Ligand SMILES: CC(C)(COP(=O)(O)OP(=O)(O)OC[C@H]1O[C@@H](n2cnc3c(N)ncnc32)[C@H](O)[C@@H]1OP(=O)(O)O)[C@@H](O)C(=O)NCCC(=O)NCCS
């Protein structure tokens, strides 16, 4: 008997405020055309004043619980992937736990920047497969608008706010690649590259700081590392790229997304793309794309999905699952 972590619910939340590229033309030396052509981004959502990451996460969690047809008190673990938690502590996860009225189980945050949701999924899978949890809410939620330097045109046009969530449940499988659920995970980090994407502040530095990025350097690592981890995850699952129905990549830049798909030998018709509407929402981007992909009718039950992400650290990884 093999226990699999199967997705039984998905949902997302995007803040009301939509900011089109053209709005940046008023304050920065930039154009809609530059942002579109270099990144694929057309618009992004920004949280309202006072709206926090746990607010966004709670709304996405409620949508995922409703989709699964379950209540929060039946969930025994809650993980939030985020680099922009409301407070230094407690975790955003415990705040969401309280908002949902979940008084049992345990909740914690995972911080692996844009790879955070992949890391959270790998953690959730390990908890389920080892029998430590049966039903887990896995949420990716961010308010990157709070760490933008609005005078830095090389970064502030690229990021957005949002949240997405999955319900994962322990289900008995046959132990083959035909099983629904997570089939493999693959994680990496290499702190030698910590200076190419980071926030120049933090608790022990005693300031919040702003996101800093050497865009070209990040780009240089991204396609190669993403294709490599996705290939490894597929090998671990015993599948080839021809069997993949959908690639759900981290939504940072359309050129990284298409470059990686090309390296994997997968046509863009099999890639879920939301970067044009969301920008880079860091740890929220994959669950947002999964939720939107399902709502669009792209991802269906039984489909084979490969997700991949890279971000600050550098940290990167991939998860293969059958939806
Ligand atoms: C940031 C990124 C879009 C820049 O695209 P690029 O093609 O590499 O552009 P460059 O960095 O070469 O910049 C070219 C020029 O555009 C300028 N530029 C930067 N941002 C600009 C903007 N918003 N509008 C107009 N010009 C801009 C630069 O200053 C540079 O000008 P210069 O040649 O006079 O110095 C790209 O490097 C990228 O997407 N990198 C990966 C970033 C990412 O995805 N990070 C998150 C990973 S989780």
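From the backbone N, Cα and C atoms, a Cβ is placed for every residue, glycine too.
Per TrEMBL, the features are as follows:
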- 108-191: domain 'Beta-ketoacyl-[acyl-carrier-protein] synthase III N-terminal' (DOMAIN)
- 114: active site (ACT_SITE)
- 234-323: domain 'Beta-ketoacyl-[acyl-carrier-protein] synthase III C-terminal' (DOMAIN)
- 250: active site (ACT_SITE)
- 251-255: region 'ACP-binding' (REGION)
- 280: active site (ACT_SITE)
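In sequence order, 250, 252, 280, 282, 283, 285, 309, 310, 311, 312, 315 are the residues of the chain that are 6 or more apart from residue 114 (active site) and have a CB within less than 8 Å of its CB. Of all the active-site residues listed (250, 280), 280 has the fewest other CB atoms within 10 A of its CB. DSSP labels the residues of the region 'ACP-binding' (251-255) in these numbers: 2 helix, 0 strand, 3 coil.
DSSP assigns residue 250 (active site) to coil in the three-state reduction, placing it in neither a helix nor a strand. Counted with DSSP, the domain 'Beta-ketoacyl-[acyl-carrier-protein] synthase III N-terminal' (108-191) comes out as 22 helix, 35 strand, 27 coil.
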